[in-house]
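Feature list (source: TrEMBL):
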BINDING   A:CYS28, A:CYS208, A:HIS233, A:GLU237  Zn(2+) binding site
MOTIF     A:30-40  motif ''HIGH' region'
MOTIF     A:265-269  motif ''KMSKS' region'
BINDING   A:LYS268  ATP binding site
DOMAIN    A:349-412  domain 'Cysteinyl-tRNA synthetase class Ia DALR'
Amino acid sequence: MIYIYDTLTRQKRPFIPLKPPEVSIYVCGVTPYAEAHVGHARPAVMWDVIKRHLTRRGYFVRHVQNFTDIDDKIVRQALAEHEDPKALAERYMAQYTDVMQRLRVIPPDYAPRVTENIPQIIAFITELLNKQMAYVSGHDVYFTVTDDGTYGQLSGRKIEDLYAGVRMEVHEGKRAPQDFALWKSADDTEPGWVSPWGYGRPGWHIECSTMAAQYLGRQFDLHGGGLDLVFPHHENERAQSMGYFGCEPASYWVHNGLITQDNVKMSKSLGNGLGLREILEQIDPVVLRTYLLSVHYRSPLDFQLASAEEWGRGLQRIWRLWDEAKNQPAPSEWVDEPWARRLESFEQRLAECLDDDFNTAKAFAEVFEMAHDVRYGMAQGHGALALAWARRNLQAADQILGLLPETSQVLSLSTMAERLLSIREQARARRDFQEADAIRNLLAKAGYTIEDTPEGPRILSQPSA
RNA sequence: GGCGACGUAGCCAAGUGGUAAGGCAGAGGUCUGCAAAACCUCUAUGCCCCGGUUCGAAUCCGGGCGUCGCCUCCA
(Lines of atoms letter the chains of each structure in order from A and count residues from 1; the text may use other names and numbers.)
(Lines give C-alpha, C1' and ligand atoms only; values in the text may rest on other atoms or scores of the structure.)
Protein backbone atom coordinates (compact mmCIF):
# COMPACT_ATOMS: atom_id res chain seq x y z
CA MET A 1 0.00 0.00 0.00
CA ILE A 2 1.26 3.41 -0.95
CA TYR A 3 0.84 6.29 1.46
CA ILE A 4 0.79 9.89 0.30
CA TYR A 5 0.75 13.07 2.33
CA ASP A 6 -2.19 15.21 1.31
CA THR A 7 -2.04 18.96 1.91
CA LEU A 8 -5.81 19.32 2.13
CA THR A 9 -6.32 16.84 4.95
CA ARG A 10 -2.87 17.42 6.40
CA GLN A 11 -2.11 13.78 6.79
CA LYS A 12 -0.55 10.79 5.16
CA ARG A 13 -3.30 8.73 3.62
CA PRO A 14 -3.42 5.37 1.85
CA PHE A 15 -3.39 5.90 -1.88
CA ILE A 16 -6.58 4.73 -3.52
CA PRO A 17 -6.90 5.69 -7.19
CA LEU A 18 -10.26 6.73 -8.57
CA LYS A 19 -10.08 4.31 -11.47
CA PRO A 20 -7.40 1.71 -10.88
CA PRO A 21 -5.15 0.74 -12.49
CA GLU A 22 -5.07 4.26 -13.91
CA VAL A 23 -3.51 7.11 -12.02
CA SER A 24 -4.12 10.64 -13.22
CA ILE A 25 -1.69 13.37 -12.30
CA TYR A 26 -1.80 17.10 -12.87
CA VAL A 27 1.31 19.09 -12.03
CA CYS A 28 1.45 22.85 -12.34
CA GLY A 29 4.11 23.69 -14.83
CA VAL A 30 6.13 26.82 -15.38
CA THR A 31 5.50 30.20 -16.86
CA PRO A 32 8.26 30.32 -19.45
CA TYR A 33 9.58 33.84 -19.24
CA ALA A 34 13.04 33.10 -17.81
CA GLU A 35 15.58 30.34 -17.54
CA ALA A 36 14.67 27.39 -15.42
CA HIS A 37 16.39 27.34 -12.03
CA VAL A 38 17.02 24.57 -9.49
CA GLY A 39 13.69 25.27 -7.85
CA HIS A 40 12.02 24.01 -11.02
CA ALA A 41 14.12 20.88 -11.11
CA ARG A 42 12.94 19.62 -7.74
CA PRO A 43 9.28 19.00 -8.57
CA ALA A 44 10.24 17.71 -12.01
CA VAL A 45 12.64 15.13 -10.58
CA MET A 46 10.35 14.26 -7.72
CA TRP A 47 7.35 13.65 -9.94
CA ASP A 48 9.55 11.63 -12.24
CA VAL A 49 10.33 9.27 -9.38
CA ILE A 50 6.70 9.17 -8.29
CA LYS A 51 5.62 8.21 -11.79
CA ARG A 52 8.30 5.56 -12.13
CA HIS A 53 7.38 4.06 -8.81
CA LEU A 54 3.66 4.04 -9.50
CA THR A 55 4.36 2.45 -12.85
CA ARG A 56 6.42 -0.30 -11.31
CA ARG A 57 3.71 -0.85 -8.77
CA GLY A 58 1.50 -1.73 -11.67
CA TYR A 59 -0.36 1.51 -12.22
CA PHE A 60 -0.93 3.11 -15.57
CA VAL A 61 0.05 6.74 -15.21
CA ARG A 62 -1.34 9.67 -17.13
CA HIS A 63 0.60 12.80 -16.36
CA VAL A 64 -0.38 16.29 -17.48
CA GLN A 65 1.86 19.27 -16.91
CA ASN A 66 0.94 22.59 -18.42
CA PHE A 67 2.89 25.52 -19.74
CA THR A 68 1.41 28.89 -18.86
CA ASP A 69 2.68 30.37 -22.09
CA ILE A 70 0.79 33.65 -21.93
CA ASP A 71 0.88 35.93 -18.96
CA ASP A 72 1.64 39.50 -17.95
CA LYS A 73 5.17 38.55 -17.08
CA ILE A 74 5.79 37.07 -20.50
CA VAL A 75 4.45 40.19 -22.16
CA ARG A 76 6.61 42.39 -19.97
CA GLN A 77 9.72 40.29 -20.48
CA ALA A 78 9.17 40.23 -24.24
CA LEU A 79 9.06 44.01 -24.28
CA ALA A 80 12.27 44.15 -22.30
CA GLU A 81 14.03 41.70 -24.60
CA HIS A 82 12.49 43.16 -27.77
CA GLU A 83 11.17 39.78 -28.70
CA ASP A 84 7.81 38.47 -29.77
CA PRO A 85 6.03 37.11 -26.67
CA LYS A 86 5.23 33.87 -28.41
CA ALA A 87 8.81 33.39 -29.54
CA LEU A 88 10.09 34.17 -26.07
CA ALA A 89 7.79 31.64 -24.45
CA GLU A 90 8.70 29.12 -27.12
CA ARG A 91 12.38 29.61 -26.43
CA TYR A 92 12.10 29.12 -22.69
CA MET A 93 9.79 26.16 -23.04
CA ALA A 94 12.35 24.47 -25.25
CA GLN A 95 15.05 25.28 -22.77
CA TYR A 96 13.01 23.86 -19.91
CA THR A 97 12.29 20.68 -21.80
CA ASP A 98 15.91 20.27 -22.75
CA VAL A 99 17.27 20.71 -19.26
CA MET A 100 14.72 18.33 -17.74
CA GLN A 101 15.69 15.75 -20.28
CA ARG A 102 19.28 16.06 -19.16
CA LEU A 103 18.06 15.38 -15.64
CA ARG A 104 16.53 12.17 -16.98
CA VAL A 105 13.02 13.33 -16.34
CA ILE A 106 10.47 11.40 -18.34
CA PRO A 107 8.35 14.02 -20.13
CA PRO A 108 4.68 14.38 -19.23
CA ASP A 109 2.16 12.58 -21.39
CA TYR A 110 0.51 15.89 -22.16
CA ALA A 111 2.07 19.34 -21.91
CA PRO A 112 -0.87 21.55 -22.81
CA ARG A 113 -0.43 25.27 -23.33
CA VAL A 114 -2.76 28.02 -22.32
CA THR A 115 -2.66 29.56 -25.78
CA GLU A 116 -3.96 26.34 -27.28
CA ASN A 117 -6.85 26.04 -24.86
CA ILE A 118 -8.44 29.47 -25.01
CA PRO A 119 -11.87 28.31 -26.24
CA GLN A 120 -12.07 25.82 -23.40
CA ILE A 121 -11.09 28.50 -20.92
CA ILE A 122 -13.76 30.84 -22.24
CA ALA A 123 -16.31 28.05 -22.01
CA PHE A 124 -15.26 27.34 -18.43
CA ILE A 125 -15.66 30.98 -17.46
CA THR A 126 -19.00 31.16 -19.23
CA GLU A 127 -20.28 28.23 -17.23
CA LEU A 128 -19.14 29.84 -13.98
CA LEU A 129 -21.05 32.94 -14.99
CA ASN A 130 -24.11 30.86 -15.76
CA LYS A 131 -23.86 29.33 -12.34
CA GLN A 132 -23.66 32.76 -10.76
CA MET A 133 -20.27 32.01 -9.35
CA ALA A 134 -18.61 34.82 -11.23
CA TYR A 135 -19.51 38.29 -12.43
CA VAL A 136 -18.58 40.64 -15.23
CA SER A 137 -17.12 43.97 -14.34
CA GLY A 138 -16.41 46.17 -17.31
CA HIS A 139 -14.39 43.91 -19.62
CA ASP A 140 -13.09 41.79 -16.78
CA VAL A 141 -14.58 38.72 -15.17
CA TYR A 142 -14.12 37.90 -11.50
CA PHE A 143 -14.73 34.79 -9.48
CA THR A 144 -16.92 35.24 -6.45
CA VAL A 145 -15.26 33.84 -3.39
CA THR A 146 -18.05 32.75 -1.10
CA ASP A 147 -17.65 32.11 2.57
CA ASP A 148 -19.19 28.66 2.51
CA GLY A 149 -16.46 27.08 4.59
CA THR A 150 -14.64 25.37 1.75
CA TYR A 151 -12.60 28.30 0.54
CA GLY A 152 -9.42 28.42 2.57
CA GLN A 153 -9.42 24.75 3.52
CA LEU A 154 -6.46 23.87 1.37
CA SER A 155 -4.17 26.62 2.55
CA GLY A 156 -5.59 26.68 6.04
CA ARG A 157 -6.79 30.21 6.24
CA LYS A 158 -10.02 32.06 6.77
CA ILE A 159 -11.38 34.71 4.48
CA GLU A 160 -11.42 37.30 7.25
CA ASP A 161 -7.72 36.64 7.80
CA LEU A 162 -7.08 37.58 4.22
CA TYR A 163 -8.19 41.11 4.99
CA ALA A 164 -5.41 41.26 7.54
CA GLY A 165 -2.96 40.97 4.67
CA VAL A 166 -1.95 44.56 4.19
CA ARG A 167 -0.96 44.02 0.63
CA MET A 168 -4.20 42.54 -0.59
CA GLU A 169 -4.68 43.81 -4.08
CA VAL A 170 -7.46 46.32 -4.49
CA HIS A 171 -9.20 46.48 -7.84
CA GLU A 172 -11.86 48.91 -8.86
CA GLY A 173 -14.14 46.34 -10.36
CA LYS A 174 -13.97 43.77 -7.61
CA ARG A 175 -16.92 43.34 -5.32
CA ALA A 176 -14.80 41.83 -2.59
CA PRO A 177 -11.05 41.91 -2.11
CA GLN A 178 -10.76 38.13 -2.10
CA ASP A 179 -12.35 37.78 -5.51
CA PHE A 180 -9.91 37.07 -8.29
CA ALA A 181 -9.77 37.53 -12.04
CA LEU A 182 -10.91 34.88 -14.48
CA TRP A 183 -10.54 37.09 -17.51
CA LYS A 184 -8.50 40.26 -17.73
CA SER A 185 -9.01 42.82 -20.43
CA ALA A 186 -5.99 43.89 -22.45
CA ASP A 187 -5.42 46.62 -24.96
CA ASP A 188 -5.01 45.56 -28.54
CA THR A 189 -1.28 46.17 -28.69
CA GLU A 190 -0.85 43.20 -26.38
CA PRO A 191 -1.42 39.53 -27.11
CA GLY A 192 -4.97 38.52 -26.40
CA TRP A 193 -8.13 36.88 -27.61
CA VAL A 194 -11.61 38.03 -28.36
CA SER A 195 -14.09 36.87 -25.76
CA PRO A 196 -17.74 37.57 -24.94
CA TRP A 197 -16.43 40.17 -22.50
CA GLY A 198 -14.00 41.83 -24.83
CA TYR A 199 -10.41 41.49 -25.88
CA GLY A 200 -8.18 40.10 -23.15
CA ARG A 201 -6.40 37.21 -21.54
CA PRO A 202 -7.23 34.50 -19.04
CA GLY A 203 -6.54 35.17 -15.37
CA TRP A 204 -3.87 33.22 -13.64
CA HIS A 205 -5.70 30.27 -12.08
CA ILE A 206 -8.36 29.43 -14.60
CA GLU A 207 -6.04 27.70 -17.05
CA CYS A 208 -5.20 24.93 -14.61
CA SER A 209 -8.82 24.21 -13.74
CA THR A 210 -9.69 24.14 -17.40
CA MET A 211 -6.83 22.01 -18.65
CA ALA A 212 -6.98 19.55 -15.77
CA ALA A 213 -10.64 18.98 -16.55
CA GLN A 214 -9.94 18.86 -20.26
CA TYR A 215 -7.20 16.23 -20.08
CA LEU A 216 -8.06 14.30 -16.92
CA GLY A 217 -11.73 14.88 -16.28
CA ARG A 218 -13.53 16.55 -13.45
CA GLN A 219 -11.79 14.42 -10.85
CA PHE A 220 -8.27 13.10 -10.89
CA ASP A 221 -5.89 11.46 -8.43
CA LEU A 222 -2.89 13.64 -7.73
CA HIS A 223 -2.38 17.36 -8.01
CA GLY A 224 1.14 18.63 -7.63
CA GLY A 225 3.19 21.76 -7.42
CA GLY A 226 5.48 23.76 -5.20
CA LEU A 227 4.50 24.68 -1.69
CA ASP A 228 4.40 28.31 -2.76
CA LEU A 229 1.46 27.54 -5.03
CA VAL A 230 -0.85 26.45 -2.23
CA PHE A 231 -2.07 29.97 -1.82
CA PRO A 232 -3.50 31.59 -3.75
CA HIS A 233 -3.07 29.48 -6.87
CA HIS A 234 -4.31 26.07 -5.76
CA GLU A 235 -6.85 27.50 -3.36
CA ASN A 236 -8.39 29.47 -6.22
CA GLU A 237 -8.08 26.63 -8.65
CA ARG A 238 -9.92 24.37 -6.26
CA ALA A 239 -12.64 26.98 -5.76
CA GLN A 240 -13.17 27.29 -9.52
CA SER A 241 -13.25 23.57 -10.16
CA MET A 242 -15.55 22.89 -7.25
CA GLY A 243 -17.75 25.73 -8.39
CA TYR A 244 -17.98 24.25 -11.83
CA PHE A 245 -18.25 20.54 -11.02
CA GLY A 246 -19.44 20.51 -7.45
CA CYS A 247 -16.81 18.05 -6.34
CA GLU A 248 -13.20 17.91 -5.21
CA PRO A 249 -10.96 18.08 -8.27
CA ALA A 250 -8.05 16.14 -6.80
CA SER A 251 -7.96 13.24 -4.38
CA TYR A 252 -4.53 14.20 -3.10
CA TRP A 253 -2.71 17.53 -3.13
CA VAL A 254 1.01 16.90 -3.21
CA HIS A 255 3.34 19.82 -2.59
CA ASN A 256 7.10 19.84 -2.66
CA GLY A 257 9.19 21.91 -0.29
CA LEU A 258 11.00 24.90 -1.67
CA ILE A 259 14.66 25.26 -2.47
CA THR A 260 16.53 28.04 -0.79
CA GLN A 261 19.96 29.40 -1.34
CA ASP A 262 21.81 30.69 1.70
CA ASN A 263 18.49 30.13 3.42
CA VAL A 264 16.60 32.50 1.17
CA LYS A 265 13.96 31.27 -1.19
CA MET A 266 14.85 31.17 -4.82
CA SER A 267 12.47 33.03 -6.95
CA LYS A 268 12.38 34.64 -10.30
CA SER A 269 11.31 37.95 -8.90
CA LEU A 270 14.23 38.05 -6.50
CA GLY A 271 16.53 37.10 -9.35
CA ASN A 272 18.54 34.85 -7.06
CA GLY A 273 17.74 31.63 -8.81
CA LEU A 274 20.75 29.67 -9.89
CA GLY A 275 20.13 28.78 -13.51
CA LEU A 276 20.02 25.08 -14.19
CA ARG A 277 22.15 25.38 -17.26
CA GLU A 278 24.77 27.18 -15.25
CA ILE A 279 24.74 24.53 -12.56
CA LEU A 280 24.94 21.73 -15.07
CA GLU A 281 28.12 23.20 -16.42
CA GLN A 282 29.70 22.50 -13.07
CA ILE A 283 28.01 19.37 -11.94
CA ASP A 284 26.94 16.08 -13.47
CA PRO A 285 23.20 15.96 -14.20
CA VAL A 286 22.83 12.65 -12.40
CA VAL A 287 24.60 14.05 -9.35
CA LEU A 288 22.22 16.99 -9.32
CA ARG A 289 19.22 14.78 -9.86
CA THR A 290 20.09 12.44 -7.02
CA TYR A 291 21.16 15.25 -4.75
CA LEU A 292 17.66 16.67 -5.07
CA LEU A 293 16.35 13.24 -4.14
CA SER A 294 18.63 12.89 -1.14
CA VAL A 295 16.25 15.03 0.88
CA HIS A 296 12.61 14.14 1.37
CA TYR A 297 10.52 16.10 -1.10
CA ARG A 298 8.45 17.92 1.51
CA SER A 299 11.45 19.24 3.42
CA PRO A 300 13.07 22.50 2.51
CA LEU A 301 16.39 22.12 0.74
CA ASP A 302 19.11 24.68 0.98
CA PHE A 303 21.03 24.35 -2.26
CA GLN A 304 24.78 24.65 -2.14
CA LEU A 305 27.00 23.65 -4.99
CA ALA A 306 29.52 22.34 -2.46
CA SER A 307 26.86 20.15 -0.84
CA ALA A 308 25.90 18.72 -4.19
CA GLU A 309 29.52 17.96 -4.95
CA GLU A 310 29.89 16.33 -1.57
CA TRP A 311 26.91 14.16 -2.34
CA GLY A 312 28.55 13.32 -5.64
CA ARG A 313 31.55 11.90 -3.83
CA GLY A 314 29.33 9.42 -2.08
CA LEU A 315 27.51 8.58 -5.27
CA GLN A 316 30.80 7.87 -6.95
CA ARG A 317 31.23 4.84 -4.72
CA ILE A 318 28.03 3.48 -6.21
CA TRP A 319 29.26 4.25 -9.70
CA ARG A 320 32.51 2.41 -9.10
CA LEU A 321 30.62 -0.60 -7.92
CA TRP A 322 28.48 -0.43 -11.04
CA ASP A 323 31.59 -0.45 -13.19
CA GLU A 324 32.67 -3.66 -11.58
CA ALA A 325 29.25 -5.24 -11.67
CA LYS A 326 27.55 -4.12 -14.85
CA ASN A 327 28.55 -7.07 -17.00
CA GLN A 328 27.62 -9.73 -14.51
CA PRO A 329 25.03 -12.34 -15.42
CA ALA A 330 22.13 -13.10 -13.12
CA PRO A 331 23.03 -14.59 -9.75
CA SER A 332 23.59 -18.32 -10.06
CA GLU A 333 24.91 -19.33 -6.68
CA TRP A 334 22.94 -19.79 -3.48
CA VAL A 335 24.49 -18.68 -0.23
CA ASP A 336 22.43 -18.71 2.92
CA GLU A 337 23.95 -15.81 4.75
CA PRO A 338 22.49 -12.54 6.04
CA TRP A 339 24.28 -10.36 3.51
CA ALA A 340 23.08 -12.52 0.63
CA ARG A 341 19.56 -12.51 1.97
CA ARG A 342 19.61 -8.76 2.17
CA LEU A 343 20.85 -8.47 -1.39
CA GLU A 344 17.98 -10.65 -2.43
CA SER A 345 15.36 -8.51 -0.72
CA PHE A 346 16.86 -5.15 -1.68
CA GLU A 347 14.41 -4.35 -4.42
CA GLN A 348 11.49 -5.00 -2.15
CA ARG A 349 12.88 -2.78 0.60
CA LEU A 350 13.57 -0.04 -1.91
CA ALA A 351 9.97 -0.15 -3.07
CA GLU A 352 8.74 -0.03 0.50
CA CYS A 353 10.71 3.16 1.12
CA LEU A 354 8.95 4.75 -1.82
CA ASP A 355 5.57 3.41 -0.75
CA ASP A 356 5.95 5.58 2.33
CA ASP A 357 5.25 8.98 0.81
CA PHE A 358 8.05 8.56 -1.71
CA ASN A 359 10.87 8.57 0.81
CA THR A 360 13.77 8.84 -1.60
CA ALA A 361 16.20 9.80 1.16
CA LYS A 362 15.59 6.50 2.85
CA ALA A 363 15.76 4.73 -0.48
CA PHE A 364 19.27 6.01 -0.99
CA ALA A 365 20.25 4.78 2.45
CA GLU A 366 19.17 1.34 1.26
CA VAL A 367 21.29 1.68 -1.83
CA PHE A 368 24.38 2.49 0.19
CA GLU A 369 23.74 -0.36 2.59
CA MET A 370 23.25 -2.68 -0.33
CA ALA A 371 26.65 -1.65 -1.63
CA HIS A 372 28.15 -2.53 1.73
CA ASP A 373 26.61 -5.96 1.59
CA VAL A 374 28.05 -6.48 -1.87
CA ARG A 375 31.52 -5.53 -0.70
CA TYR A 376 31.15 -7.75 2.30
CA GLY A 377 30.12 -10.65 0.13
CA MET A 378 33.09 -10.08 -2.12
CA ALA A 379 35.38 -10.11 0.89
CA GLN A 380 33.86 -13.42 1.96
CA GLY A 381 34.99 -14.99 -1.30
CA HIS A 382 31.67 -14.75 -3.11
CA GLY A 383 32.72 -12.09 -5.57
CA ALA A 384 30.74 -13.37 -8.55
CA LEU A 385 27.55 -13.76 -6.59
CA ALA A 386 27.83 -10.43 -4.82
CA LEU A 387 28.57 -8.58 -8.03
CA ALA A 388 25.74 -10.35 -9.79
CA TRP A 389 23.38 -9.04 -7.15
CA ALA A 390 24.96 -5.63 -7.39
CA ARG A 391 24.20 -5.51 -11.08
CA ARG A 392 20.63 -6.58 -10.58
CA ASN A 393 19.94 -4.28 -7.66
CA LEU A 394 21.62 -1.22 -9.10
CA GLN A 395 19.67 -1.66 -12.28
CA ALA A 396 16.45 -1.92 -10.32
CA ALA A 397 17.31 1.19 -8.33
CA ASP A 398 18.28 3.02 -11.48
CA GLN A 399 14.91 2.39 -13.03
CA ILE A 400 13.24 4.33 -10.25
CA LEU A 401 15.85 6.74 -8.95
CA GLY A 402 17.94 7.22 -12.08
CA LEU A 403 21.26 7.11 -10.28
CA LEU A 404 23.67 5.37 -12.62
CA PRO A 405 26.23 7.36 -14.59
CA GLU A 406 25.48 8.39 -18.15
CA THR A 407 28.61 6.76 -19.42
CA SER A 408 31.09 4.39 -17.93
CA GLN A 409 33.65 5.77 -15.57
CA VAL A 410 36.13 3.22 -16.82
CA LEU A 411 37.52 4.17 -20.16
CA SER A 412 38.21 1.75 -22.89
CA LEU A 413 41.88 2.21 -23.39
CA SER A 414 43.07 4.20 -26.32
CA THR A 415 46.13 2.93 -28.10
CA MET A 416 48.29 5.58 -26.55
CA ALA A 417 46.98 5.11 -23.05
CA GLU A 418 47.34 1.38 -23.45
CA ARG A 419 50.94 1.75 -24.49
CA LEU A 420 51.70 4.10 -21.61
CA LEU A 421 50.07 1.78 -19.18
CA SER A 422 51.96 -1.17 -20.54
CA ILE A 423 55.26 0.69 -20.16
CA ARG A 424 54.25 1.54 -16.61
CA GLU A 425 53.46 -2.07 -15.84
CA GLN A 426 56.89 -3.09 -17.12
CA ALA A 427 58.44 -0.43 -14.92
CA ARG A 428 56.50 -1.68 -11.94
CA ALA A 429 57.57 -5.23 -12.69
CA ARG A 430 61.20 -4.26 -12.49
CA ARG A 431 60.33 -2.14 -9.44
CA ASP A 432 61.21 1.11 -11.13
CA PHE A 433 58.57 2.99 -9.24
CA GLN A 434 59.96 6.36 -10.14
CA GLU A 435 59.07 5.83 -13.76
CA ALA A 436 55.79 4.18 -12.87
CA ASP A 437 54.76 7.15 -10.81
CA ALA A 438 55.90 9.55 -13.50
CA ILE A 439 53.59 7.91 -16.00
CA ARG A 440 50.75 7.92 -13.52
CA ASN A 441 51.27 11.61 -12.86
CA LEU A 442 51.37 12.32 -16.56
CA LEU A 443 48.01 10.67 -17.06
CA ALA A 444 46.63 12.38 -13.98
CA LYS A 445 47.46 15.72 -15.54
CA ALA A 446 45.39 14.74 -18.52
CA GLY A 447 42.49 14.10 -16.19
CA TYR A 448 42.77 10.33 -15.88
CA THR A 449 43.07 8.44 -12.66
CA ILE A 450 44.87 5.12 -12.57
CA GLU A 451 43.97 2.55 -10.00
CA ASP A 452 46.09 -0.54 -9.50
CA THR A 453 43.72 -3.31 -8.65
CA PRO A 454 44.44 -6.99 -8.07
CA GLU A 455 43.07 -7.57 -11.58
CA GLY A 456 45.45 -5.05 -13.05
CA PRO A 457 45.38 -1.32 -13.61
CA ARG A 458 42.33 0.56 -14.75
CA ILE A 459 41.76 4.10 -15.87
CA LEU A 460 38.93 6.27 -14.63
CA SER A 461 37.64 9.26 -16.48
CA GLN A 462 37.49 11.35 -13.34
CA PRO A 463 40.12 11.96 -10.71
CA SER A 464 39.14 10.23 -7.54
CA ALA A 465 37.94 12.54 -4.86
C1' G B 1 -0.35 41.57 12.28
C1' G B 2 -2.65 36.60 10.54
C1' C B 3 -1.56 31.46 9.02
C1' G B 4 1.89 27.41 8.45
C1' A B 5 6.44 24.55 8.53
C1' C B 6 10.91 23.33 10.61
C1' G B 7 15.07 23.00 14.63
C1' U B 8 18.57 15.33 14.96
C1' A B 9 26.64 14.46 15.44
C1' G B 10 31.71 19.15 12.45
C1' C B 11 28.35 19.34 7.82
C1' C B 12 24.01 17.10 4.93
C1' A B 13 20.01 13.98 6.39
C1' A B 14 16.14 9.52 7.58
C1' G B 15 13.28 8.44 11.62
C1' U B 16 5.12 10.31 14.13
C1' G B 17 5.49 5.87 21.21
C1' G B 18 9.84 1.11 22.20
C1' U B 19 15.21 2.59 23.12
C1' A B 20 19.15 7.18 17.28
C1' A B 21 19.23 4.83 9.14
C1' G B 22 22.44 6.64 5.46
C1' G B 23 26.06 10.11 3.15
C1' C B 24 30.33 13.66 3.56
C1' A B 25 34.32 14.99 6.64
C1' G B 26 37.59 12.82 10.71
C1' A B 27 40.53 8.75 13.62
C1' G B 28 42.69 3.79 13.79
C1' G B 29 43.50 -0.81 11.14
C1' U B 30 43.79 -4.55 6.72
C1' C B 31 45.51 -4.57 1.66
C1' U B 32 49.31 -1.91 -1.60
C1' G B 33 56.19 -0.43 -3.79
C1' C B 34 53.49 4.15 -2.92
C1' A B 35 48.86 5.91 -4.00
C1' A B 36 43.83 4.94 -5.23
C1' A B 37 39.80 1.79 -4.57
C1' A B 38 37.75 -1.62 -1.24
C1' C B 39 36.98 -3.75 3.51
C1' C B 40 36.89 -3.69 9.17
C1' U B 41 36.47 -0.67 13.66
C1' C B 42 35.43 4.00 16.04
C1' U B 43 32.92 9.00 16.12
C1' A B 44 25.08 11.94 19.19
C1' U B 45 23.82 8.04 26.96
C1' G B 46 21.35 11.88 23.14
C1' C B 47 17.67 14.49 18.96
C1' C B 48 16.89 23.69 20.36
C1' C B 49 15.35 24.85 25.80
C1' C B 50 11.78 24.09 30.04
C1' G B 51 7.71 21.53 31.85
C1' G B 52 3.82 17.57 31.24
C1' U B 53 1.37 12.67 29.59
C1' U B 54 3.35 7.50 29.52
C1' C B 55 6.16 1.45 31.92
C1' G B 56 8.68 3.95 27.95
C1' A B 57 9.11 10.22 23.77
C1' A B 58 13.52 12.74 18.89
C1' U B 59 8.54 11.11 18.15
C1' C B 60 2.28 13.08 21.88
C1' C B 61 0.65 17.86 24.84
C1' G B 62 1.75 22.97 26.87
C1' G B 63 5.15 27.12 27.15
C1' G B 64 9.58 29.47 25.48
C1' C B 65 13.75 30.55 21.92
C1' G B 66 15.48 30.38 16.88
C1' U B 67 15.16 29.77 11.46
C1' C B 68 12.21 29.71 7.15
C1' G B 69 7.82 30.05 4.18
C1' C B 70 2.81 31.91 2.75
C1' C B 71 -0.57 36.21 3.13
C1' U B 72 2.01 39.93 -3.75
C1' C B 73 4.41 37.01 -9.26
C1' C B 74 6.60 32.29 -7.87
C1' A B 75 8.09 25.06 -8.56
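Heads up, the Cβ atoms here are built off N, Cα and C, so glycines get one too.
Apart from A:CYS28, A:CYS208, A:HIS233, A:GLU237, the residues listed for Zn(2+), the same chain places the Cβ atoms of A:HIS205, A:GLU207, A:SER209, A:GLY225, A:LEU229, A:HIS234, A:ASN236 within 8 Å of the centroid of those Cβ atoms. On the 0 to 100 pLDDT scale, the model's mean across the domain 'Cysteinyl-tRNA synthetase class Ia DALR' (A:349-412) is 90. Each residue in the motif ''HIGH' region' (A:30-40) gets a DSSP state, and the totals come to 3 helix, 1 strand, 7 coil. Contacts of A:GLU237 (Zn(2+) binding site) defined by a Cβ separation under 8 A and a same-chain sequence distance of 6+ are given as A:HIS205, A:CYS208, A:SER209, A:ALA212, A:PRO249, in order along the sequence. Counted over every protein chain shown, other Cβ atoms within 10 Å are most numerous around A:CYS208 among the binding-site residues A:CYS28, A:CYS208. Around the Cβ of A:HIS233 (Zn(2+) binding site), the number of neighbouring Cβ atoms within 10 Å comes to 18. Across the domain 'Cysteinyl-tRNA synthetase class Ia DALR' (A:349-412), DSSP helix (H, G, I), strand (E, B) and coil residues number 46 helix, 2 strand, 16 coil.
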